[in-house]
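If you look up Swiss-Prot, you'll see 141 marked as active site, proton acceptor, on the strength of sequence analysis. Feature annotation from Swiss-Prot assigns ATP binding site to 19, 20, 21, 22, 23, 24, 25, 26, 27, 39. Residues annotated as domain 'Protein kinase' in Swiss-Prot: 13-300.
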C-alpha cells in the first residue's frame, strides 16, 4: 500500500495504480480524484523546483487546464513537508501526436482521418502555445513527445513542469531540449543550463510541429543535398537555415525529398509563414506567433473542398486539382479511401447517349491564318564593303589559279612580282569570307527563331480552334470511352490478382506494424530516424536498400543495419492461407473501380459537351492570338528576305 500524500491545503491524496514511469518520476492514479493523476518524483526536487511547482499550482486557471496538463496542487509527504510531486489533469483517450502526423501510424490507428482533421490538430497545437505565451511562460523543450491528441482533435501539452515559468519576475528556466526541434540560432549552445528561452524560440518548434502535421511527418530541414556538405546532420542543416522547401532552396543547398507533399498545396500567405519561421528573417524580425498561426489555420479551414473521386481527399480551395490524387498516381498514399463514401455517378449516365453527342459534333472549318507569303518585305542589304557569296567564289577561283601559277616560279623567276599581289588577294578573300560567314550565321539564327515563334503560335491556334485540336480532343474522348468499356474486365482481373498477391500483401501489412521510431537500430538515433521519415521510410515495409541509401548520412554500414532490422522483422512473418483475401480487400478493389468509373464518366460527359461547342467557341479562343500570329508571320517573312540577300 502506497503512503498517503497531502496537498498544500492539507487534503489527503492516495496514489493508486502506476500508469507510467520515467527518469524523473512516476505517474499514478489518485483514489480520491478520478479525473486527476499524481506525478511523484523519485527524489524530492531542489528548493527552486519546489517553488516553481508551488507557483504553477497557485496560478492554474481554466484556460491553462484546457490545453496543458498543468499542476493543480503540490503534493507533500506530510502536512507542511517538502514538495515531492503534484496533481494534474488526467490525460485519457489521447495518443502521442506522431500517431496522427505519421502516415503509417495514421493509416492503422486513424484511417478515417483526412487532411481537414490534421489541419484542426495543427490549429489546436498553435492554440496551446498561445495559451502558454499569454500567461507569460515559454514551453522551452518543444518536441513531439510533449503533445497528446484525441480523436476529437483536442491537443494537450504534457511535461509542463519542464516549462520556463515566469513567477512574477522570477524566471524558472527550462534547461533541456531536443536537437532537431532547436532553432538555428541556438544550435551551437553547449547546453541550455542558465539560458533564458523566448517565445520566438518556441515559435520555431511550433512551426516545425505544424509542418510535421500538415506534411506527413516530414522535417523541413531534411531533403536531397544540392551541395557536398548538406544533409550530413540534421542539426547542422538547421544551424545553416537549409530549409528544403524554401523558395530559394537552390541557394540553401537542400531540396525536398522525392514524392513529398508540395508546399504549393498551401495558400501563399501560409507558405510565407513557413518561410519566415525557418529562415534568417525569423531570427531578425521574429517568427509567426502562435496567435498568427491560429488565425491563419482557422481561415484555411474555411476554404477547404473535397475531391469528387475520394471523400478522404480534402484540400485547400485555391487548388484546381486534387493534390492527393496526384500523389496517389505516384504511388504515395497519404489517405486510405475505405470505399464507404465514394461519390458515385448519377444514374442517368448512358454511354451510348454521351457518345452520340461526341459523334454528332461538327468539326470547325479550316482556319484562315496569316502566312509569311502574304508579306513582300525588302531584305536588308549586306553591310558596306561585304562581298556577296558569288564574289567570294570568284576570289577563291582566282586564288586557286594564282596558286597554280606560282608552281612555275622556279622555272620563270620573272613571275616573282606576282607574290605580293597573291598575298593581298588571299588576305582580302580570307577576311571577307569570315565576316560573311558571321553575317549569314546571324541571319540564319534570326530566321530560325522567327520560324519557331510562328510555328508555335500556329500550333496553339490549331489546338484551340482548328481541326487538329478538334481531332485531338475527340481521340482523347474515344480513349475514355474504351476505358469505361474495359472496366468490368479490369475489375475482374484485379479481384483475381488478390489471390496471386495474397502472401505479399499479408507480409506487407505485417511489416507495416514495425515502426522505425520504436526500433533499436545500431547507429540510428532520433535525428537519423527523422531523416528517414522525411524520405517516407517509417516502417519495415518501407525499407529498401536503394531507398535508405538515398538518405544522406546512410552509407553501407548504416544502410545494412536498417536492412538487417527489416530482415529480423520478416523472420517473424507467418502466412495465413485462410485469410488470403478478406472482404475489406475485395471492397477496396471495387471501390477503386467505382471511383475510376465516376472519374471517367464525369470527364467524358464534360468532354462531350465541350466538343459540341468547339466549333462555336473557336473564334473567341483563337482571336486573341491572331494579331500576334500576323506579327510573327511578318517577322518571319522579313527574316527570310534578309537571308536571301546573302
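Each Cβ is built from the backbone N, Cα and C atoms, and glycine gets one as well.
Note that the structure is predicted; figures quoted are calculated from it, not measured.
Around the Cβ of residue 21 (ATP binding site), the same chain contributes 27, each under 8 angstroms and 6 or more positions distant in sequence. Between the CA atoms of residue 23 (ATP binding site) and residue 141 (active site, proton acceptor) there is a gap of 16 Å, rounded to the nearest whole number. If you draw a 10 Å sphere around the CB of residue 27 (ATP binding site), it holds 21 other CB atoms from the protein chains shown. Within 8 Å of the centroid defined by the CB atoms of 19, 20, 21, 22, 23, 24, 25, 26, 27, 39, the record's ATP site, lie the Cβ atoms of 40, excluding the listed residues themselves. DSSP assigns residue 141 (active site, proton acceptor) to coil in the three-state reduction, outside any helix or strand. Ranked by how many other Cβ atoms sit within 10 Å of their Cβ, the binding-site residues 23, 25 place 23 at the bottom. Summed and averaged per residue, pLDDT over the domain 'Protein kinase' (13-300) gives 93. According to DSSP, residue 23 (ATP binding site) sits in a coil region rather than a helix or strand. Each residue contributes its Cα atom, and for residue 25 (ATP binding site) and the residue listed as 'active site, proton acceptor' those atoms are 18 Å apart. Put simply, residue 19 (ATP binding site) is 23 Å from the residue listed as 'active site, proton acceptor' when counted between their Cα atoms. Pairwise Cα distances among 19, 20, 21, 22, 23, 24, 25, 26, 27, 39, which the record gives as the binders of ATP, peak at 14 Å. Counting every protein chain shown, the Cβ of the residue listed as 'active site, proton acceptor' has 22 other Cβ atoms within 10 Å. Packing around residue 19 (ATP binding site) is summarised by its Cβ count: 15 other Cβ atoms lie within 10 angstroms of its Cβ, all protein chains included.
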